[in-house]
Each structure stands twice: as C-alpha cells, then as structure tokens.
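Listed features, source Swiss-Prot:
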type     : residues                                           : note
ACT_SITE : ASP233                                             : active site, proton donor
BINDING  : ARG48, GLY49, ALA50, ARG88, GLN192, ASN243, LYS244 : substrate binding site
SITE     : CYS153                                             : site 'Transition state stabilizer'
Amino acid sequence: MAVNSAAIRWLGDHLQLLDQRCLPTETLWLDICDSQQAADAIRNMVVRGAPAIGITAAYGLALEAQIMGNDASWVTLQNAVATLADSRPTAVNLFWALERLQRYAGDLQGKALAQALAEDAEAIHREDLAANQAMGEFGADLLPSGATVYTHCNTGALATGGHGTALGIIRSAWARNQLTGVFAGETRPWLQGSRLTSWELLNDGIPVTLVADSCAGQLMQQGKIQAVIVGADRITANGDTANKIGTYNLAVLAQHHNIPFIVAAPVSTLDPALPNGSHIVIEERDANEVRNVQGKSLAPEHCPVYNPAFDITPAQLITAIVTERGVVHRPDTAKINSHLAQTKES
C-alpha cells in the first residue's frame, strides 16, 4: 500500500525520501531499497527530524526483511537493526520504532515477517500524521489571539509524517486566524530554519520572517514575540528536553522575558527510561559543518570546532509540553508519568 507525506513516500517495494539537503533550490527524491541505504540517509541528513527518522528506520527494516525473503527472522535482522540504531543516537523515536516493530512482529518469520513489518511501518507513518494534527489543536489553544511566535530548526511536514509538531501548532493556529506571523531562526550550521521552515511556511501562505539565530533576544526585548515553539528529539522522565542546538539559549531568553516556551512532540519522543537530561547521548557531528557553508570555507582550515547537534533544555524552563494526548504544564517527573499513564489507558 502506498503511503505518502511531504518528505517520505512508501511504494511497497522501496522507499523514496526527499533529499532535504537540496532544498529549497532543488527537489530531488532518492530511492531507498535496504536498511543500509536508510541508515545512510538518516546519518547524512537526507531525512531529519525525530518522527521522520523513526518512520524511515521502520521502512528500512521492512525492506531488509523483504530482501531476506524466507530467511527473514528477528535474529537474522539484528545487523540491520544495529545499523539503523547507530545512525542518529539522540533521536529516541528511532529506537522506539525499532522496538515497536519487534513487538509487533513477534515470532513471525520469512515473508510473513516482512509483511508484518511493512504493515506496522505504514501504521507508524499514518499515526504520526494523526498525532501531529491533534497536537496542533492542543498547542493552538495555548496561544493568544494575534500572536507572533518564534520557532527554531524545522519541525514541519518535512520532519514528520505530515503537518508537523511545533510547525503543526503554527499551522493549526493560522487556520484558526489567531496567528499574526512567525519569526524563524536560521538554525546554524545546517540552516534548517532558513532552508526548510521558511520554505514550508511560504508554501502555506503563512507570514514568516527569517532572522539570524542571534536576533532572538532582541526580538523578545522589543516585545515582538508572544511565544516560542520548538520540537524535541528526546524528552526524559522529568521533562528535560533534547532538541536542536540553540534551543537552550532560546529557553533562557524566553524565561528572562516572561514569554511562554512550548515544546511539541509525540508521546513516542518521551523516554521515561532516562531520569533526566544528563543521561542523553548528544551526537557530535563533523567539524566541517561549522567551518563550511555549502562547500565554501568560512574559517581557518585547522581551527578546532565543537559541533554538538543538540542541547538539553531543563524542564524548569519549559512552560508546556504538548503531545497528541494533551498538554503537560510546567513538566516534572510526576506530571510526565501521569501523562504516560493516561496514554497507556487510552
């Protein structure tokens, strides 16, 4: 069965990913035919955003099982599982998707296993879109009429199964006519804000103004921002949140200026196994991502570089976490546990 979204197309016998490294100047779709290609696409930023990474990994494992045919079993798939799990260590949705597939597949083998994995990967894809649409409505309820919001990185349809997390809230608020506009930080070093978020919002007709990351404090000081809305790659049991590098800076600035700081993420991004943010593994990426921009060197060749892909925002700085199940106000361990318990009951 074909399942399509803005950046991910499942065609039954292969996967197509929109190469987000080429946007906004070029639209290029890449064919993904096995787990190694899926892992490479995740690692090399062809696809990014925690939900989209989880969806891609699920399809990648299903493809590997198809290739194995009658030899497919959870034991023979372990190398593929390890390869996919190693592709981006911070995004918990990746591990969640692989663990879910294992539970769903059970003791199946051969073609029955391959079919089951494909079915559940499709379900993960569809469920993410529905979750984002619900999240958008819950999050829009938190915004005042006429708000202008600030967002960081890209959390839209390109980063998910559709609609988006933080950008989904923005889309839903715009549909309600309660949003005035959006400031999008450029998000160095990969420029997801300038290349992807501005592209998505402009295509939707939502007023967006692109700014340098270092402009956020001035905008808040001038009273031009009524809320900051970001996504998440992992949220620990106490509400500490890993997200794109620069998110922590925004949370500190928002608290200083008494501006709501809202995190949007599906329940699959919550990781109750980790008590707090100090336990999150932070991915460090290649130094040349900072030294160079689109292949052009902007720094001395041998200058040392520190390039973490994510930072940790303490729960104390977060006004609310929005999931598809509702809103966790001023998150802490007890509130996160209660939210997860309600999710299990429903």
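Every residue, even glycine, has its Cβ placed from backbone N, Cα and C.
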Do me a favour and check the Cα-Cα span between ASP233 (active site, proton donor) and ALA50 (substrate binding site); whole Å is fine.
5
In whole Å, note down how far the CA of CYS153 (site 'Transition state stabilizer') lies from the CA of ASN243 (substrate binding site).
9
Among ARG48, GLY49, ALA50, ARG88, GLN192, ASN243, LYS244, recorded substrate binders, what is the largest CA to CA distance in Å?
17
Quick one: of ALA50, ARG88, GLN192, LYS244, which binding-site residues lie within 10 angstroms of CYS153 (site 'Transition state stabilizer'), measuring between C-alpha atoms? Sequence order, please.
GLN192, LYS244
Hey, what's the Cβ neighbour count for ASP233 (active site, proton donor) at 10 Å?
29
Going by DSSP, give the three-state secondary structure for ALA50 (substrate binding site).
helix
Under a criterion of Cβ-Cβ distance under 8 Å and sequence separation of at least 6, what residues of the same chain contact LYS244 (substrate binding site)?
HIS152, CYS153, THR187, GLN192, VAL230, GLY231, ASP233, ALA309, PHE310, ASP311
Residues satisfying Cβ distance under 8 Å from ALA50 (substrate binding site), sequence separation of at least 6:
ALA91, VAL92, ASN93, LEU94, ALA159, GLY231, ALA232, ASP233, ARG234, ALA265, THR269
